[in-house]
Amino acid sequence: MDESAPITWLIGEINKIVSSGADAAASAIATTVTPLASICFGIYILLICLNYMRGAETEPVIDFGLRCAGFAVIIGLGLNAANYTSMVIPVVTGVGSDLASAISGGTATAGTLDQLALHYFKILDEGYDLASNRPFPSNVGPLIIYVLKAVFILIGLIPFLVAATLCLIIADVGSVMLAIVGPLYFAFLIFPATRQYFSSWLNTAFSYALIPIFVAVIATISVGLSKQMFSANDISFKAVFMASMGNLTLLFLLRQVGALASSLSAGGINVSMPGSANTLRNAAQAARLGAKGIQQGGRTAINAGKAAGRWAENRFNSIRKAG
């Protein structure tokens with residue numbers, strides 16, 4: 001583990017594991033899809049030529065030639081395993097990180113989170129050293145203040161770091177998974193009836209590319225805010241509290257990253273944070289509705305039992321009167 005960049009190391013290891021078999025999986029999918037796509041494409045071209053022979057095709061021959069050139073590009077990029085793994089996969093999996101690095105001033109987004117985490121840990125180490133240098137009776141008060149500062153720092157920092165790291169991992173892993181199934185959607189791009197599926201694939205890829213950009217902006221704001229509040233050597237309790245509140249505010253802003261990326265990419269994805277307030281509220285509502293359903297079911301069973309008892313009593317009385 002790289003202690004100088006723990007978050008970058010974690011994300012890099014996950015990407016290394018996920019990306020290790022991406023090229024082989026994409027090549028296997030391209031090899032599997034290509035024969036079926038070739039047969040369907042041949043039938044499609046024969047039908048177009050038949051329409052030209054019948055005079056039912058209104059498209060000029062020159063336009064059809066341009067369409068064939070487009071087909072050649074699609075087949076050469078999306079259905080050729082070597083070209084797809086060397087040209088398309090790096091673009092799909094790397095465009096988000098490259099744009100995020102450009103926005104953050106040449107440093108990767110995970111590096112920005114590393115700066116934030118190391119900055120807070122340095123503050124904790126220095127505060128503990130200052131509090132523990134005094135003898136026992138006189139260091140109780142500084143230690144209590146240090147513990148309170150540490151609690152506020154951890155409350156404001158850890159959830160933000162976990163949420164930002166989770167967003168980056170989802171974006172990286174999702175883009176790799178998206179790149180693996182890409183040849184199938186390039187085959188859909190050939191035919192007019194299935195081109196909307198390629199549009200959905202492209203929108204999802206754009207969503208995953210936008211997530212690191214938004215996380216980079218929010219992380220840069222958090223780093224600047226923390227450095228501005230903790231610029232002095234003697235860090236006050238008020239500064240620690242305000243910095244924690246700032247990180248918690250940015251945490252709620254970070255929860256909107258998935259929805260914002262989805263809206264800008266025509267509904268590509270919608271990343272939500274597990275354990276959020278909405279999730280807990282929905283779970284509580286579901287539990288309450290389930291309890292009401294059980295209670296209503298019990299009442300229905302009791303009423304059904306009473307109705308059966310009345311029917312049996314009436315039946316017995318009618319038989320007795322008839323006898």
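Cβ coordinates come from backbone N, Cα and C, glycine included.
According to TrEMBL, the transmembrane segment annotation covers 28-52, 64-82, 143-169, 176-193, 205-225, 237-254.
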Any chance the transmembrane segment (237-254) and the transmembrane segment (143-169) are in contact, meaning at least three CB pairs closer than 8 A with a sequence separation of 6+?
-> yes
Which residues, given as numbers and ranges, are at least 6 beyond the ends of the transmembrane segment (205-225) yet have a Cβ under 8 Å from it?
-> 92, 95-97, 99-101, 103-105, 109, 112-113, 115-116, 119, 160, 164, 167-168, 170-171, 174-175, 178-179, 243, 246-247, 250, 253-254, 257-258, 260-262, 264-265, 268-269, 271
Can you find at least 3 Cβ pairs under 8 Å between the transmembrane segment (28-52) and the transmembrane segment (143-169), where each pair is 6 or more residues apart in sequence?
-> no
In terms of Cβ proximity under 8 Å, which residues at least six beyond the ends of the transmembrane segment (143-169) contact it?
-> 7, 10-11, 14, 109-110, 113, 116-117, 120, 123-124, 127-128, 130-132, 211-212, 215, 218-219, 222, 235, 237, 240-241, 243-248, 250-251, 254-255, 257-258, 271, 273
